[in-house]
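Some features that Swiss-Prot has for this protein:
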- 11-31: transmembrane segment (TRANSMEM)
- 51-71: transmembrane segment (TRANSMEM)
- 78-96: transmembrane segment (TRANSMEM)
- 102-119: transmembrane segment (TRANSMEM)
- 246-266: transmembrane segment (TRANSMEM)
- 280-300: transmembrane segment (TRANSMEM)
- 317-337: transmembrane segment (TRANSMEM)
- 341-361: transmembrane segment (TRANSMEM)
- 381-401: transmembrane segment (TRANSMEM)
- 408-428: transmembrane segment (TRANSMEM)
């Protein structure tokens, strides 16, 4: 029998994930660049602005577990397509709020942003689910790092572009610019297919080109027919030491991202006296370093794995080293020059990005029956920082009147992330659920190479 020709379909899939994630984060970052103007125009204090910044996070967190359940119930393609369509629609609708009075416009803006948060909820669990299906273990770190690094690419683009547009002058143009690309990507998604089973020969070639790989068939589960995963599965994840360590680590890692997406541009304008245009450009520089660090972290992890190191060593080494490097942000408390603040912020963001391998770890550990739900639970913990970080910083500034203390909060936060992976997570393995009603989680597609499993 002729050997199927090796394909590169998975790289096209990865490109699609990168583009979707870029659009996802571009929408999240749009409001922060105008934060200083919003605060001035509406007479808001720091605490109130912090709550406004966290509004998206409330909806996003609330939607994680339902979004993950939908992925497991209906599959990646349908839910992913519906998510992109819905959040792009609500983003486009924000362009029309200028037709209303100020009070009504503000209410509508945040209602629409709330809906965008709900609609975007399945995106990252969907990404992790797709990566687990298409990429072998020894490529999964790089693949996860690439789609995750899209957040830095998006932030760099938004900071530079939105520095040219004031929120109260060009809101319609801005949201239309961010909403339309989502529908373009959606068209390609619907035309294609995220499931490997559509091309059996191509799937076999992908498997054969993935030595010791552990591709995981996430679409073939009887849980779909049984009405979705049981809540007992969530209890098993929440009582698993490894998973709780991963969740805690992700919360700490994400905190710096949300500081950068919310308060950093405001800091540059109010404390450093920069114009919105200059702040938008300057704030994009750490994002470039974050993008490079994100990709590098995945490459380092997969290189360690290919050289014979265990999965635990390969994933934990970049995470811990990256968290240590990110603590360099504390130096910003003791320098005055703008360029030094930006340089140390860039260094910290570079380190944080190297260590942002949480989604690779989730792809390595999630039970195949509830891969979407597991990713949603992971993202729920991670994005609790999107709610708490802006609010906590607002209270720090209001209570102390010294905004530099915002830099100090990241040292214990990232210390906890490193400690969590070193002492709580333990050995990284794919977990196996108790009380599964369909075939065991280790059942493979023909030719599939099995991941390591362990009981919860």
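Cβ coordinates are placed from backbone N, Cα and C, and glycine is handled just like the others.
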What same-chain residues lie close to the transmembrane segment (381-401): Cβ under 8 Å, and 6 or more beyond its ends?
-> 45-51, 53-54, 56-58, 60-61, 64, 247-248, 250-255, 257-259, 262-263, 358, 409
For the transmembrane segment (78-96) and the transmembrane segment (11-31), does the number of C-beta pairs under 8 Å, pairs 6 or more apart in sequence, reach 3 or more?
-> yes
Maximum Cβ pairs under 8 Å to the transmembrane segment (51-71) among 102-119, 246-266, 280-300 is reached by 102-119
Are there three or more C-beta pairs under 8 angstroms joining the transmembrane segment (246-266) and the transmembrane segment (408-428), sequence spacing 6 or more?
-> yes
